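Single-structure report; data block below.
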């Protein structure tokens, strides 16, 4: 470590120090200044180019603003997926990153690993194995992908497949990681390899994509410096919300448990459906109760229950926020249930504790893992769970004087209870709260340490669910007593609490530890809780504290406020937390059944039965509104009261604020601000004058409005925001409104209304899960629980725009099965491809077109428009070549678009008139002809016609008219369109239910079935191709009538000559040669034959010579072209330099400026 050189100091770019330096430097800017003239461009063209470049950079930075639904206070961990082909070093990289963040070494990495990377950031690492199903699932949930590439080998087919899957499902951020670079020994080869791989990587992702280099492996890990650089880059990355994930709830399962009763599994021999719980961080949007979910590789499942749990890997609390860096203790946090962290491994139905070697219980110097501590805690147990339950005690309320015990009933009489309470008072007369609790735990045999931890953990979970940040995690146990006036017995006392909810809302409460008394004021019928302290009686000489003054009147006013609030009904709790009907909610039954509802907290065990609800028999019909008090409304007729609050409205003058007395307004409303009883006189004066505070707030609001108006009036153009900034501001305002709406709502009710928020650690209980998922569970394959929107639960015909992938060699055919990854689902369906025929009809295609989009319609689960998908012909790992066959996007889920197929009906004329013909063999009945009346028909030669009317005989014959006379040999055809519908075939990919996850096989093609079964293709004789033999067509001669011939001019008259009947002299004569003449003729024929052969050979030789000469001439021509090209290039270079010099002279620069720069 000493040999390592020290790094230079890097000044902070953000934070408190950087802000302080900026503030200091503001004064210096005026002294030194920024000389704009020194950096002004010399040429107008260059300035224009710089301005255009800056504008383009700003436009590329802009994107469509999206609402980020992830909460800022408790965001879920960022999912970082490590993807690559086998043997590239994924596990080594994951171990190195986990050790960098947590200083722990994982021996066996399985499933997700969550670590704390910063004060407000957590990271979940997950390794993706070499399986196409896992790649598709990881691409749907990963926020950042570390794409590992073997530098010594190059890109592999799996890398390109995964990148194309990413493009279809939203394309999260990708960082390339090159490994195995230590296998390249030559530096020049290493540089060239890095350059080539970076260029190809930038082509696939984008120009400038980040690429890291890992040189080698040291001690089973990558070098710490390289891992440090990579981890820093990961920690500071920001992620944009992706559209699909921003509208769907989902979670990446950390672990899985089977809750099915063992007896049921034994009786069904393991073949019954299971009840499974899945744990994980919720991501995306809120998960509502009753939402249906889909697990890719399993299917659609019903959610039985969703509950929020404590965070297993929490972010640092507020104490560590004061530090700039994350403390070392927080760095050790790691959550990896499926891996061997601390010697504990969670399986599907058990927890395994691995204690390697031997260890000593008394050796506290050696750090012990979680598993060792668990084993030793199990060894320390001295009693069974039943004994501890029998000895356990429960305190119903925070103010209960004595807890309940699980023994025999002690409610035999009031005397025994009074005796117990007397004994309790004698034992704990003047002790403090802490002393009382400690003495109770020691003397009375209270809860053991483990049970205390259990109570604390349950309390923490309830606090988390209720979202209470009240400053103390456990309610105070106040068990002090004051002596009642006129009573000498110490057993009769008054219970006190910190708030109304600590003692419950009932009138007569009796605890098991003693009787609870209430204080009466005047003639009031109801009892009121009174706050008190240790000093029960004060002498006249002692000066009472300020907050103890006039306790009776304060308690009375507090009770009146409480009774007024109790009259209002909590509609959210009545609707969502109870199973009452609307009629019961509108009636008085909710007040009667409040104590029986299981959603009430422990401090609401008893409820107040107010006189207003009991005594009012004739209630108004409209029960959704509070009953108006007519006597109370008369107070608003007082003009003084109206003048006193006139300043609170925008139309009133601010000078009236604070002048009039507003005590009457406060008394009427019963609201008021809470008093700080421990504060001094100054604070008391401020608390009694809330109008001054309201007036100040109103003045500040008016000042802000005035300032905004002045800005818009002085500079109307400057105050205008562009579309992008306006949308962002609108989204921010809406987000703030949503947060403020649910700010004071109870977390349980909030979860019922809006669902569980992203970032919470939830436990999802699923019912009717196939048993194969548990039996064949493998933690190396990710389990994703994706929430389905209500529209996505139904099935129908989906229309998509699809394009065959350019690297997929085979053509896609209509009605061939195709595996689609659409939304959360992966399923097999049968699509029909089509094209839009001039916006008239959707015409079916038999095959997908080359390098062009087309439409596809299939039966399957409905998805929202603009949802991307990718298609595969096979998911098997043994499939050769590129496996992604097509990509596309969902267009519409409208079922009205019909796909039509071309249908040609043919017929022949059997009777022809001038422009009319009788056609047969096209239809089989007169009814069919009636359907096609008026349809357009045509002949092969192009003569167009129309169907007119059916004929009586033969059946199916009809009369048709044409634009010209047709021939008997013409074939007449009618082009019609036949409507077709896709087949209702939906086969979900259930790869997680198999023992071999990559061997899922769906519907096979007919040829593949025949090949697997070894059967031959059936041969239909009528379908075989035959040689077409068309006989020569014989046309009749043209006959022109004689009258017409006589009227025609001579040039147009047909020149027809009769054949000569007699033979001529040349035909008649006979030639008889002599023997010498015959010999002479034969000799001449031989000479001609020899001459002919000689000429042919001479021509062949000449052609060969010409070919050689032609090749030589082409060579010379090519050389000449090269020389001409070089000459033109040189000429253009000189001309370009000349024009450049002339241009610089015109701009005022020229060669002299350059010389001055060099000097």
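Cβ coordinates come from backbone N, Cα and C, glycine included.
Values in this document were obtained by computation on a predicted structure and should not be read as measured data.
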Self-check item: Per TrEMBL, the range holding coiled coil, considering 319-365, 366-412, 554-600, 695-741
Solution: 695-741
Quiz item: Of 287-309, 609-631, 747-769, which range does TrEMBL call region 'Disordered'?
Solution: 609-631
Quiz item: Of the residues in the compositional bias 'Basic and acidic residues' (1139-1150), how many are helix, strand and coil by DSSP?
Solution: 10 helix, 0 strand, 2 coil
Practice problem: For the compositional bias 'Basic and acidic residues' (45-61), could you work out the same-chain residues 6 or more beyond its ends whose Cβ comes under 8 Å from its Cβ atoms? | Solution: 1147
Practice problem: Could you tell me how many residues in the compositional bias 'Basic and acidic residues' (45-61) are helical, how many are strand and how many are coil under DSSP? | Solution: 17 helix, 0 strand, 0 coil
Exercise. Give, as a single whole number between 0 and 100, the mean pLDDT over the domain 'Bms1-type G' (76-240).
Key: 91
